[in-house]
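Going by TrEMBL, these are the annotated features:
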SIGNAL    1-24  signal peptide
TRANSMEM  53-78  transmembrane segment
TRANSMEM  112-131  transmembrane segment
TRANSMEM  146-165  transmembrane segment
DOMAIN    153-276  domain 'Fatty acid hydroxylase'
Amino acid sequence: MKKAAFILGSGLLLLVAFSNSVSGQLQRFWDASGCFQQAQWERLLSTFEGKEWILYIIATILVPALVFWSFNGLLLVADTARKPNFISRYRIQVGQNEPVDAMKLRQSIRTVLFNQCMISVPMVVFLYPIIKVRGDPCRRELPTFHWFLLELAIFTLINEVLFYYSHRLLHHPTLYKKIHKKHHEWTAPIGVISLYAHPIEHVASNMLPVVLGPILMGSHLSSIAVWFSLALICTTVSHCGYHLPFLPSPEFHDYHHLRFNQCYGVLGVLDHLHGTDTMFKQTKAYERHRLLLGFTPLSESIPDPPKKMD
């Protein structure tokens, strides 16, 4: 409890500091463009009047899918063609997927497309009347910037809790063998396999932690679209296999794929509380688990210790 209070208290202080500095600047920018955004949104509502469900499909399915495949398309070029050449310097598990196995990749992409088309799409469509009960997602007024930030914070918290416990449950020997082992076929992950999973896992660990927040908050469609897109970007980065400059560190989840029994969460808060990151904290990967603000790979500035000779 003391650890939880410390972490939550520290997070609250950081949130206050952030809202008094960076968010103030962003709020001014948001307000300056707010009239334009509101006008464009009202124009969309007028165009799709009586057919708001089409806007819902575009925002919750088509836009996130476009974001996912655009980002992963670039990563797949790096994984298959090893272009541009410099990107290999940022690889976390050196020597793995250079290049990626073509047959294994094709099979994984088929599974990802199945999960998206046959599970995600029907699930999101089914949720539309449920979301409307909580609050019309296509209401005329866009959310304020600070409300949007609050929603993102709540979405992230819900996602962390649900993903950690559902993910850890899937590592129970019985469930792991029948369900989660499929995702762990990739011990050195690549971006597109972030959605490579058994259908049950895709619903329980990939979808529910992400969609529950907007349902509970009765969120506006704009918030839902941004959140779904951000969630897909973040899970792609976590699986991409490269610790790239100016992007969140994927070292945490990459280590999970390497060792299986560490680092179950997204942010690492619950791993810290439950002690499921103790081995990770003893590694060089933990020292490299930070935002890279330059162009020198952290694997060079914080190299692994030399291997012992027999």
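Each residue, glycine too, has its Cβ placed from N, Cα and C.
TrEMBL: automatically predicted annotations, no manual curation.
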Average model confidence [pLDDT] within the domain 'Fatty acid hydroxylase' (153-276): 97
Secondary structure content of the domain 'Fatty acid hydroxylase' (153-276), with strand meaning DSSP E or B: 88 helix, 1 strand, 35 coil
